[in-house]
């Protein structure tokens, strides 16, 4: 009865309080214009929303249109705040000190006034002597009040969580109303939670429209010129220590394992620009007794080829030139393919070589047993183990988004990327176009994929170190001990960054975090 009455009252109030949304058609198309790139969902009536990173102020605007619903890839980053109502992973206890005054609600400036109107409607419908439904007797009304309070306070994080919960519950009316409210609260040039909110909102809209996969593919294909994308990736590499930490910890383990070897073969399962190996080649060149002969097999797919502006031959030429300069015997093998396609014959392992295998920010892209019976995630580990490597290095984001259902996955993503965007915020000013581009082109598409996609189309599938440890052990690996020298070197590296970064060693792995949230983990196996 309480629930039924609430819905009756809600139906009376909604025409006056909630925006009306058309049904979204699921045919997605892409269009370019001189003013930016947009993804359009054909529609018969209204709502044209876009994240304009190309604008001067980076505001997130809403337009009326007679023909399209349009989503732009332009967005912004996030901040680490933990929801009090929906706690995230128990392994993390992020700091809750980042408050953000956000713009207010379009519904009413006085929540008590709306409650009074609801009460009047109840009285008219049921009479003055009836039991008035309040938040103590109706779970639905309690949730309604919670949302209204969050909007009136400008609590963007709580509104995001409430919207995700509505999407999870398939409550279309509530979802669309909250999305409309969120469009007034997010900003690509605002505080970290506002910037992250813009991307997460885009993911929620895409999920509701069942267009997440199309948007993600468009984001990965319709990128800026390769030189610009490479520049954005380099900026992220410089302003945050995450990649440097991962590469340095992996290189330290490889250098330690290969210190007495004359022939070294490194298989890199996602070589990208090949930047990781520059410092290792230099370190081998300075080794007492002379450098070893180094062979690097680089594996990568067409996505990185776009950022490079060409194939793996570019990486091979760059590293060969560097090795020649430092008088290091060197050869490079290219394997232009996805990790899912790799077989033993592609790796060219030869007798007499000491083998090192590097999985840096790569394995989470491999589908596991929850996605495919082929289970490439564990297949690759078994394949590598069969090659008897001296050392295998793993670097991954410390996040739990692989098999988690949508709503807890949304909370984990909000928690994780909030910390990451907070860390960017202390280095790059909010009004700098470079920051917007870095966040849009290096981070936004991952956020959209995690939130909007399911099944094989969801390729951003991170796992916590404990799960990776189980996978390696099942494949027959044993932990490779961490080097105290490498740990000390990384601590020195962090002195060049904000003092809110922290380094912790536990259970045979190194963790780099922002305040009290782990973000990247590194370990080695044999």
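Every residue, even glycine, has its Cβ placed from backbone N, Cα and C.
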Which of these ranges is annotated region 'Leucine repeat II (LRII)' in TrEMBL: 116-148, 314-346, 347-379?
314-346
Of the ranges 71-102, 391-422, which one does TrEMBL flag as region 'Disordered'?
71-102
Out of 154-214, 314-346, 452-526, which stretch touches the region 'VHIID' (233-298) the most, going by CB pairs under 8 Å?
314-346
Helix, strand and coil counts within the region 'Leucine repeat I (LRI)' (154-214) (DSSP)
45 helix, 1 strand, 15 coil
So how many of the residues in the region 'SAW' (452-526) end up helix, strand or coil by DSSP?
25 helix, 22 strand, 28 coil
Secondary structure tally of the motif 'VHIID' (264-268) (DSSP, helix then strand then coil):
0 helix, 5 strand, 0 coil
